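See structure below.
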């Protein structure tokens with residue numbers, strides 16, 4: 001169901017900043033932050049656990065002064081937990097529960113039980129059911145369960161990892177949205193990812209660590225249920241020239257860009273330019289370029305800027321971190337400033353001259369900030385629109401005037417269909433990360449956009465596509481949206497990895513990855529590191545585990561709330577967290593300064609994804625390194641294209657990887673046998689739980 005842009009929604013701002021940062025002092029609570037409203041609106045006694053793995057375990061009680069002690073301890077099973085109450089009274093039993101609460105459980109295992117006065121505590125160890133006065137078991141949730149007072153079944157704002165149980169009419173939880181994942185222990189008929197109607201996450205709405213977003217299958221199955229209202233309003237973008245024009249320092253290899261070969265395919269190619277002066281930018285734009293620290297053109301800029309200024313359609317392929325965003329923003333802004341185009345304020349229907357589309361919220365916001373930087377002090381007004389923020393807030397920003405609309409695909413279609421944005425004046429259509437925009441992930445949205453009323457035909461608009469990778473089938477598909485005489489610029493090799501990144505591939509068994517990861521991080525604790533995994537649950541598990549091991553960590557993926565995603569990136573950019581664990585949502589386009597190391601904890605399934613991941617380091621002439629944990633059993637499909645990427649980038653190719661890539665089935669069988677023997681002899685190595693592969697949801 002689409003969001004209602006026309007209804008005012010009362011703003012509900014988050015009261016804390018979520019992160020996984022490590023303990024600074026012994027008495028610091030790092031996993032939760034309370035406001036006065038939190039204290040007044042919650043039940044103080046709650047337990048949470050992560051089923052079989054021990055996981056996080058948080059226990060809270062309410063001492064008279066509301067102060068909470070902080071203590072970290074190991075939970076049972078494989079995992080970790082926090083105990084937030086050190087003040088057990090004499091009335092409490094061995095599990096730390098008093099007679100009033102009637103909750104019983106095993107730490108790290110879940111399993112709570114409510115019973116009448118005088119009964120002994122009981123718990124269904126490991127299965128976390130609850131018991132009422134009739135001794136009936138309900139809710140065999142493997143992840144915690146819930147309690148009953150006086151025989152009443154409810155979730156009572158607890159946010160427990162409970163299941164919906166065996167009864168169809170079991171009430172849903174509200175306020176703290178607990179886990180209810182069919183993959184992680186759901187036994188009820190109404191399984192799904194998150195029984196709560198609000199935020200969900202590791203611990204619930206006003207707490208910090210999150211594994212799921214609380215997206216319930218109930219919400220999708222019940223047609224009459226209203227979608228959750230989005231109330232988040234992002235903070236305003238940085239103000240003041242010092243913040244707007246913060247410079248990204250180029251590295252020692254920046255001048256080597258001139259050595260990269262450039263190939264331009266097409267007829268009547270405009271000549272390349274060598275300096276910004278040759279671009280004939282207006283004075284204000286030239287001054288903003290200088291303030292931003294741009295001194296020398298990169299190869300993709302030298303060729304793309306004159307092509308766009310000549311009015312030609314363009315498909316450009318250049319390595320990660322080589323200045324593609326400026327390559328299309330500068331000629332677009334130059335045209336608008338030369339034509340004297342200004343924003344028309346407070347019109348119900350805004351008709352931008354340029355629309356820029358990117359696959360992720362973080363990337364499109366980054367492009368918007370660049371457009372805002374280059375257009376500073378002019379009458380050109382860029383606006384950004386993406387999912388996860390309050391619709392009314394976004395619409396008010398659009399109504400103030402919009403010349404350049406930066407948007408994610410789904411939100412763009414929504415705002416166009418509601419006739420808030422018109423397309424009749426569109427001159428430039430830009431697809432950043434074009435291969436991702438045209439694959440099966442976003443192809444239907446792009447096709448819908450092209451057929452919207454008012455969309456100029458490809459003959460009457462200028463279409464620009466940029467990416468670091470272009471599979472052959474995507475290049476064929478792109479021709480449907482480009483003029484027949486479009487140009488194709490290739491800087492270096494199509495789909496090639498950045499040559500400034502030192503790549504290492506390690507053969508690893510699954511149960512040895514965590515130990516190796518800790519070894520790498522301990523040997524370079526001050527390095528800013530991005531760790532990539534293939535599932536959202538694993539991202540949060542690893543981030544939490546690293547936090548327990550005293551590494552300042554956070555995570556970002558499609559199931560986290562938007563303010564959590566923005567906060568995680570901010571913590572990583574500013575150095576508050578030196579490690580961020582990511583899924584594919586952070587693999588493309590993000591330009592984070594001083595990322596020194598990228599670790600592929602899970603090797604991606606496609607080699608193009610590998611190129612984008614390792615491209616988070618080694619940007620703008622800086623050097624970086626990438627380490628990949630290659631599990632032969634899971635990753636052999638990517639072996640041959642990975643060897644080509646390493647060879648083309650002049651990196652060392654391990655002999656075992658070449659054998660897998662070109663040795664046929666016999667080589668694979670021998671590796672499988674060795675891997676199987678290694679698994680049996682693995683001992684007590686720290687093992688990451690196996691999580692089912694899931695699609696990265698909510699990119700938009």
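Every residue gets a Cβ built from N, Cα and C, even glycine.
Small disclaimer: the values here were computed from a predicted structure and weren't measured.
Applying an 8 A CB threshold to same-chain residues 6+ apart, the list for residue 324 (ATP binding site) reads 300, 304, 316, 318, 432, 466, 467, 468. Among the features that Swiss-Prot reports, ATP binding site is placed at 318, 319, 320, 321, 322, 323, 324, 325.
The compositional bias 'Polar residues' annotation in Swiss-Prot covers 18-44.
According to Swiss-Prot, the feature compositional bias 'Basic and acidic residues' maps to 45-62 (among others).
Swiss-Prot lists 89-104 (among others) with the feature compositional bias 'Basic and acidic residues'.
As annotated by Swiss-Prot, compositional bias 'Basic and acidic residues' applies to 130-146 (among others).
What Swiss-Prot lists as compositional bias 'Gly residues' is 193-203.
Annotated compositional bias 'Basic and acidic residues' per Swiss-Prot: 215-228 (among others), in sequence order.
Residues annotated as domain 'Helicase ATP-binding' in Swiss-Prot: 305-488.
Secondary structure by DSSP for the domain 'Helicase C-terminal' (513-661): 72 helix, 23 strand, 54 coil. Summarising the annotation, Swiss-Prot assigns domain 'Helicase C-terminal' to 513-661.
Under the heading region 'Disordered', Swiss-Prot lists 1-241.
Secondary structure of the motif 'DEAD box' (432-435) per DSSP (helix as H, G, I; strand as E, B; remaining residues coil): 2 helix, 1 strand, 1 coil. The motif 'DEAD box' feature in Swiss-Prot is assigned to 432-435.
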Same-chain residues six or more away whose CB lies under 8 A from the CB of residue 323 (ATP binding site)?
297, 298, 300, 301, 620
What are the non-local neighbours of residue 319 (ATP binding site), defined as same-chain residues 6+ apart in sequence with CB under 8 A from its CB?
260, 468, 491, 492, 496, 497, 498, 499, 615
Cβ under 8 Å to the motif 'DEAD box' (432-435), counting only same-chain residues 6 or more beyond its ends: which ones?
315, 324-325, 328, 356-359, 363, 367, 465-467, 469-471, 474, 478, 588-589, 608
Chain-internal residues near residue 320 (ATP binding site), provided their CB is under 8 angstroms and they sit 6+ positions away:
468, 498, 611, 612, 614, 615, 616, 618, 619
Additional residues surrounding ATP, by Cβ distance to the 318, 319, 320, 321, 322, 323, 324, 325 centre under 8 Å:
298, 300, 468, 619
Kindly assign residue 324 (ATP binding site) to one of the three DSSP-derived states: helix, strand or coil.
helix
Long-range same-chain neighbours of residue 325 (ATP binding site), Cβ under 8 Å, sequence gap at least 6?
366, 367, 370, 432, 466
When a 10 Å sphere is centred on the Cβ of residue 318 (ATP binding site), how many other Cβ atoms does it contain?
27
Note the mean pLDDT of the domain 'Helicase ATP-binding' (305-488), expressed as a whole number.
95
